[in-house]
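Novice: Below you'll find the structure I mean.
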Amino acid sequence: MSESTPEVSSSYPPPAHFAEHANARAELYREAEEDRLAFWAKQANRLSWTTPFTEVLDWSGAPFAKWFVGGELNVAYNCVDRHVEAGHGDRVAIHWEGEPVGDRRTLTYSDLLAEVSKAANALTDLGLVAGDRVAIYLPLIPEAVIAMLACARLGIMHSVVFGGFTAAALQARIVDAQAKLLITADGQFRRGKPSPLKAAADEALAAIPDCSVEHVLVVRRTGIEMAWSEGRDLWWHHVVGSASPAHTPEPFDSEHPLFLLYTSGTTGKPKGIMHTSGGYLTQCCYTMRTIFDVKPDSDVFWCTADIGWVTGHTYGVYGPLCNGVTEVLYEGTPDTPDRHRHFQIIEKYGVTIYYTAPTLIRMFMKWGREIPDSHDLSSLRLLGSVGEPINPEAWRWYRDVIGGGRTPLVDTWWQTETGSAMISPLPGIAAAKPGSAMTPLPGISAKIVDDHGDPLPPHTEGAQHVTGYLVLDQPWPSMLRGIWGDPARYWHSYWSKFSDKGYYFAGDGARIDPDGAIWVLGRIDDVMNVSGHRISTAEVESALVAHSGVAEAAVVGVTDETTTQAICAFVVLRANYAPHDRTAEELRTEVARVISPIARPRDVHVVPELPKTRSGKIMRRLLRDVAENRELGDTSTLLDPTVFDAIRAAK
């Protein structure tokens with residue numbers, strides 16, 4: 001090490017006081033190793049079951065799992081009622097902070113029970129029954145959580161659609177799920193201004209022939225003007241506000257579907273990931289208690305993710321509430337009205353556990369430490385990272401600046417498909433390594449394998465860098481139960497690559513070090529990870545080609561220090577199209593309009609042609625080399641290797 005390089009620690013053991021009082025002890029690993037199914041049965045029995053399960057796991061129909069067979073429970077009862085019945089009704093369930101300063105609401109568990117019961121009665125009055133689907137297209141407001149729990153209470157599947165998605169994205173999800181009801185708001189606040197939301201909902205519904213949606217339930221959030229369809233559109237405050245606050249929950253089978261959540265797929269069509277009740281809630285509750293070490297009597301937990309993403313489902317709704325924890329929900333952006341907002345919220349509510357994405361951490365780093373340093377963040381006792389691998393520099397900055405150099409930091413790896421966290425340090429046990437998600441949780445089994453499914457040896461310093469595939473070799477309770485309406489796609493997407501081994505293929509590259517720590521390196525397929533959001537290349541390419549001037553498009557993810565990956569597009573224009581100075585910006589805007597602002601390409605390069613194999617396949621791997629200014633890889637299968645001279649000249 002040179003004298004100019006400051007020495008930094010390679011691992012960070014937990015403080016003695018934290019370790020002494022941690023929920024998870026080292027014995028958990030031994031217990032799970034000795035009898036994995038008995039271990040999961042013990043975790044499941046922390047929930048309230050109306051009918052006990054008779055079998056922990058039925059894997060006879062692999063890769064379709066059945067967990068806690070024969071058991072019956074109600075997810076909403078486990079998240080709300082049982083805490084009230086245990087005498088904790090006065091405990092705050094949700095501190096909600098709106099984006100406009102001073103806009104706040106506090107709901108105790110008793111308040112939440114009344115609101116969820118009213119919403120459940122209202123949905124029943126609208127004719128919804130168990131097994132129906134409800135689309136939820138809302139900003140991060142209490143009604144979003146209430147709507148989710150009301151659906152869970154009735155055995156209705158909710159399909160939450162991120163409020164930043166466009167009408168086209170909403171339309172595709174409504175059609176695929178055949179949703180019977182849409183819950184939305186008049187608008188939402190973004191960067192201090194109200195923006196319409198119902199208008200996009202109206203546009204989506206208008207584009208659906210023989211639309212399955214019978215009613216649209218509208219929350220008044222901003223007061224902005226909007227179109228109204230008499231008979232179809234109903235005000236939330238009228239319908240839910242007048243409903244009875246008394247409702248008796250019905251138990252459902254452990255495998256009863258709980259929700260659909262759509263995620264990007266390499267074919268372009270979003271995949272409806274299906275999760276069920278008992279297994280999902282078991283692992284959700286378990287990981288919340290062990291990874292985040294929650295103490296319901298004293299902790300205030302804040303997961304910054306929107307509920308439109310799986311992190312918002314699992315650690316913004318079900319995880320905290322099934323453990324009886326107090327949580328913070330914040331509607332807006334981190335820089336509204338200024339860059340102090342997140343730190344003001346931590347200080348205001350005494351947040352003790354803060355869970356966010358590396359993109360936001362890197363943004364805070366750019367802003368400078370003087371902003372967090374001007375706030376009292378001493379309430380924080382644990383930090384978490386989610387959504388993408390975190391680089392060691394950001395990890396250390398996060399711990400040192402936000403955590404005061406004293407808090408454990410849990411870097412969690414998981415996916416929409418896994419339902420809950422799978423790989424993470426346990427904060428009272430692990431000596432965490434910056435940049436590593438560490439080891440699979442007790443009860444979880446993962447491997448790093450080569451193309452043949454054989455385990456790779458640990459990577460050692462100075463050795464050739466070998467990246468393997470991250471696979472899961474044993475079923476887990478919160479695993480997806482399929483892709484809605486497409487079992488063949490489920491098998492092909494996750495199980496076909498290593499079908500002879502029975503491994504779940506996560507789609508991420510990873511390596512393992514001599515200590516057994518796993519280092520996840522990111523996506524290896526054609527799904528890009530932009531600020532923790534998975535965007536498929538096919539979706540973006542489709543949006544580009546829809547433009548009248550574009551003949552062909554190819555999109556790749558490239559390294560970006562702020563968002564992990566940024567989208568770089570290469571387009572071939574139609575011969576009769578006259579490009580102009582604003583062509584690239586016009587295409588960027590079009591992608592943002594069709595998909596989401598998140599999917600807006602950072603770079604758009606107009607090129608004369610795209611590199612293709614002799615079979616006509618676009619070689620994105622080589623385009624990625626160009627975008628990253630690297631030397632080209634193997635070009636032997638290219639139809640015309642000279643194409644890159646023209647591409648580089650155009651770039």
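Glycine is no exception: its Cβ is also placed from the backbone N, Cα and C atoms.
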Novice: Swiss-Prot records Gly387, Glu388, Pro389, Asp411, Thr412, Trp413, Trp414, Gln415, Thr416, Asp508, Arg534 as ATP-binding residues. Which of Arg381, Arg396, Arg399, Arg523 is assigned to the same site?
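Specialist: Answer, per Swiss-Prot (ATP site with Gly387, Glu388, Pro389, Asp411, Thr412, Trp413, Trp414, Gln415, Thr416, Asp508, Arg534), from Arg381, Arg396, Arg399, Arg523: Arg523.
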Novice: Which of the listed positions, Lys198, Lys447, Lys617, does Swiss-Prot note as N6-acetyllysine?
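Specialist: Looking at Swiss-Prot, the N6-acetyllysine feature maps to Lys617.
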Novice: What binding-site residues in the list Gly387, Trp414, Thr416, Arg523, Val550 lie within 10 angstroms of Thr311 (CoA binding site), counting C-alpha atoms?
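Specialist: So the list is Gly387, Trp414, Thr416.
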Novice: Say we define neighbours as other CB atoms within 10 Å of the CB. Which of the binding-site residues Val545, Val550 has the fewest?
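Specialist: Per-residue Cβ counts within 10 Å for the binding-site residues Val545, Val550 bottom out at Val545.
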Novice: Near Arg191 (CoA binding site), which residues of its own chain have a C-beta under 8 A away, given they sit six or more steps off in sequence?
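Specialist: Spatial neighbours, sequence-distant, of Arg191 (CoA binding site): Gly332, Thr333, Asp335, Thr336.
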Novice: Quick one, of the binding-site residues Arg190, Lys193, Arg523, His547, which Cβ has the fewest other Cβ within 10 Å?
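Specialist: Relative to the other binding-site residues in Arg190, Lys193, Arg523, His547, Lys193 has the fewest Cβ atoms within 10 Å.
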Novice: Listed CoA-binding residues Arg190, Arg191, Gly192, Lys193, Thr311, Ser531 - what's their greatest C-alpha to C-alpha distance in Å?
Specialist: 26
Novice: Return one of helix, strand or coil for Arg190 (CoA binding site), based on DSSP.
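Specialist: Reduced to three states, the DSSP call for Arg190 (CoA binding site) is strand.
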Novice: Pop the Cα-Cα gap between Ser531 (CoA binding site) and His547 (Mg(2+) binding site) into the table, whole Å please.
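Specialist: So the Cα of Ser531 (CoA binding site) lies 26 Å away from that of His547 (Mg(2+) binding site).
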